[in-house]
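A.B. asks: Grabbed the feature section from Swiss-Prot, which reads as follows:
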- 53: active site, proton acceptor (ACT_SITE)
- 64: active site, proton acceptor (ACT_SITE)
């Protein structure tokens, strides 16, 4: 089959040339409703998103805090499994052929699907990358090889506790972008970001990595996004956005909440 277009690289190239930072919102597919996922994705792009991370609902999301755990449970209760997520991206691509979409999730659903079959199906649907939070880099060679063959980026995670040997491996094999978790813990758990420590690490990573470096975990609003973006190529916002969408009463409300939440972050990043 033909390789996927490299939308992630094109996105970061365009941002670099315009002196802007990537804004990467995370939402759980299927929450606040099955019908809202694609309209919310389009709303986020209108509000200034450059890349969308779409969470694949999973029954045991060990890296996620209570906000995303509850979101995942609600989505699973509506039947939002891997097949639904792939179909949602297919629908999104009917109107948006350029915004990169990255799936974030766990290894088990992909292994059940079959890694090669999943990779081919994902690329055909218009998915650009996958971040598997429970796939150790030391065990990722086979998955990366399959993904690389079809043009699907295997996005890697680094954290403040990542050892130097593993960090060397992550930097040398980084695809799409390297996701730096700005503190140790589960998503949504940080009350206060240590931006100074994170900035030092981000500068080191950007000097070493063969891909852009984005920061996430603990970014809740425009101020924290702007602070973290100074030494990163972009920022990811997840739990705070998921919480803002959680009790949207209908698709229109979900769209409006998505735009209202993201626009101040876009403005703050562009002002910086």
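Positions of Cβ are set from backbone N, Cα and C atoms, glycine also.
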A.B. asks: Would you mind reading off the Cα separation of residue 53 (active site, proton acceptor) from residue 64 (active site, proton acceptor), to the nearest angstrom?
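C.D. replies: Cα-Cα, rounded: 14 Å.
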A.B. asks: DSSP on residue 53 (active site, proton acceptor), three-state: which is it?
C.D. replies: strand
A.B. asks: Let me know how many other Cβ atoms fall within 10 Å of the Cβ of residue 53 (active site, proton acceptor).
C.D. replies: 25
A.B. asks: Enter the number of other CB atoms within 10 angstroms of the CB of residue 64 (active site, proton acceptor).
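C.D. replies: Neighbour count, Cβ to Cβ under the 10 Å cut-off: 25.
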